[in-house]
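Some notes on the structure that comes next.
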Amino acid sequence: MAAQPVSRVVRRVLRAGVRSCSSGAPVTQPCPGEPVVEVLSRPRPFLGEHAAPFSAFLTDSFGRHHSYLRISLTERCNLRCQYCMPEEGVPLTPKADLLTTEEILTLARLFVKEGVDKIRLTGGEPLIRPDVVDIVAQLRQLEGLRTIGITTNGINLARLLPQLQKAGLSAINISLDTLVPAKFEFIVRRKGFHKVMEGIHKAIELGYSPVKVNCVVMRGLNEDELLDFVALTEGLPLDVRFIEYMPFDGNKWNFKKMVSYKEMLDTLRQQWPELEKLPEEESSTAKAFKIPGFRGQVSFITSMSEHFCGTCNRLRITADGNLKVCLFGNSEVSLRDHLRAGASEEELLRVIGAAVGRKKRQHAGMFNISQMKNRPMILIELFLMRQDSPPALPSTFRNSLRVQVLRHRVSFSSQMVTLWKGGGVPQAPLVAQRWLGSSLPQRHFSSHLDSDANPKCLSPTEPQAPAASSGPLPDSDQLTHVDTEGRMAMVDVGRKPDTERVAVASAVVLLGPVAFKLIQENQLKKGDALAVAQLAGIQAAKLTSQLIPLCHHVALSHVQVQLELDRTRHAAVIQASCRARGPTGVEMEALTSAAVAALALYDMCKAVSRDIVLAEIKLVSKTGGQRGDFHRT
């Protein structure tokens, strides 16, 4: 380890000669031209009494040595994932407030001198930063730094990896949440699945082993692909890392969307009973498993169900220069401001030491974390890449994919391995080819309506109203819109508590081959049928109380209407979701939205065919309210 810039004796004097107290709040900002220097916030006698082999400034009050630093190079990204950013978008930091290359290297140099031996570059998407290769090359010159890693979405990886390897990059994590090209495009709102697979292929070709693939598992989106991801490790030196879905500001975390480590493990063991656990490395965040005879392995990142705080050795620096000692904490210290105020190396170390000293024993747990205010993930780093819950896939879309995955799992795995061994760029998985033919869907629409009628409904810190009863009420055998004399009556919701209400409904329009082809190619004389239907669905949701006589008026905070073309049935699958905070549910708004979108699609196509059938108008799910949640199976 490199020599320490400040001796242990000097550090003891500094700690003993200054009194301090701490409330646990973030470090205050320095006055212009005058850096604020903080001392360690609590005594740590074991550091003063023993000759510590590791920097006192990077050792917290629980004895954890922080030897791993993650640096975000940018807040920007070349994908537009539905669950990486809040719906209202992310205001990017002005360029002048971001760390410069020299500031990044200055901080990295300081941390390495104190004992950090591993640095991982993150984002945003780090590979869109123009000087990323130069940064890696200069980091490689730091004495004592053993590992330089990068976490990327893989879009630019194949092109840049040869240069990065030459510069000194030693580890790669690639974020990929699905093996189905159509679903990939649905998730990230961009094409690029084959570029990601090409990047994985290039990493293997250049000798990186294992190549780590990060997959955030979310119920209703990709939990049905667990076995496909594991099958890839049979012939490829991959470490597929399944990550429990975690809450961040703006992603409306829902516990029901989290698939726990034990549930995932049970799923894998049903297919591979011989799955064996591997020894865990010290400070590892992953629980590793291997199937005998497979080249690669599988890991689980269990931040929510079984945290690993006791061995945490990680610190994070955001793109705007703030130090985060815990990924889930909202306390940050601006190292950038101290740097620009002219703080000396010793002063910077004391600021860092104060922040590390305040690090808690463990994070708050999954239920409390979901209520905490924190940065959106895109503004921290891309480690787990995309933590939000996207709109649920239409049930017919999801079920079609699941059937194909199960039917062709072995073929898909062997096809991928054959392609890798052959050195070619992997093509679309068999599952996608069977569902879509040889190409991706030509058209996909997704729209959002955000209303400021009730802005509080999206706040993760908004206190929940007390429930009217200790549990959900059973379904009633009485009609609530009929009074005791059998006459219609509007339900009085004035005494019901306000709660977050979400409902999803779907409809299917069986178009027939002629109308389907015209819509697919956007050749209808009336114009863009999907866009018109989409807009009609949004309008209908807002007007539901005027169409359904006894329906209450609801101040909707969000409406989303999606249309997918299903070529196997020559059909359009419509999904409408509505959200509001109030005393009554929004299932009627969702159902009306889906139904009117289907009617509008019929109207656009009726000149071509009157044999069109509107089918399967149904409620898919609802959450919130005294009667509990409903999810159609």
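Each residue, glycine too, has its Cβ placed from N, Cα and C.
Look at Swiss-Prot and you will find 61-295 tagged as domain 'Radical SAM core', backed by sequence analysis. What Swiss-Prot records for SER61 is phosphoserine, and it gives similarity to another entry as the kind of evidence. The annotation GTP binding site is assigned in Swiss-Prot to ARG70, ARG120, THR151, LYS212, ARG314, LEU315, ARG316 on the grounds of similarity to another entry. Taken from Swiss-Prot, the feature [4Fe-4S] cluster 1 binding site applies to CYS77, CYS81, CYS84, supported by similarity to another entry. Per Swiss-Prot, S-adenosyl-L-methionine binding site is recorded for TYR83, GLY124, SER175, MET246, and the stated evidence type is similarity to another entry. Sequence annotations record features per position, and here Swiss-Prot assigns [4Fe-4S] cluster 2 binding site to CYS309, CYS312, CYS326. The region 'Molybdenum cofactor biosynthesis protein C' feature in Swiss-Prot is assigned to 410-633. Feature annotation from Swiss-Prot assigns region 'Disordered' to 446-480. Residues or ranges marked as active site, for molybdenum cofactor biosynthesis protein C activity by Swiss-Prot: ASP603.
A map of Swiss-Prot features onto the structure.
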residue	record	Cβ neighbours (10 Å)
ARG70	GTP binding site	22
CYS81	[4Fe-4S] cluster 1 binding site	21
THR151	GTP binding site	26
LYS212	GTP binding site	21
CYS309	[4Fe-4S] cluster 2 binding site	15
CYS312	[4Fe-4S] cluster 2 binding site	22
ARG314	GTP binding site	19
ARG316	GTP binding site	22
CYS326	[4Fe-4S] cluster 2 binding site	19
ASP603	active site, for molybdenum cofactor biosynthesis protein C activity	15
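Local packing around the Cβ, expressed as the count of other Cβ atoms within 10 angstroms, is greatest for SER175 among the recorded positions SER61, SER175. Within the set of recorded positions SER61, CYS77, CYS309, CYS326, ASP603, the entry lying nearest in space to ARG70 (GTP binding site) is CYS326 (CA atoms). Listed in sequence order, the recorded positions near LYS212 (GTP binding site) (C-alpha within 10 Å of its C-alpha) are SER175, out of CYS77, GLY124, SER175, ASP603. Using a 10 Å Cα-Cα cut-off around ARG314 (GTP binding site), the recorded positions SER61, CYS77, CYS81, GLY124, ASP603 reduce to an empty set.
The Cα atom of THR151 (GTP binding site) lies nearest to that of CYS77, taking the recorded positions SER61, CYS77, CYS81, CYS326 as the candidates. All protein chains considered, the CB of ARG120 (GTP binding site) has 21 other CB atoms within 10 Å.
Reported as a whole number, the C-alpha separation between CYS81 ([4Fe-4S] cluster 1 binding site) and GLY124 (S-adenosyl-L-methionine binding site) equals 11 Å. A straight line from the CA of LEU315 (GTP binding site) to the CA of GLY124 (S-adenosyl-L-methionine binding site) spans 17 Å. Around LEU315 (GTP binding site), a 10 Å sphere centred on its CB holds 22 further CB atoms from the protein chains shown.
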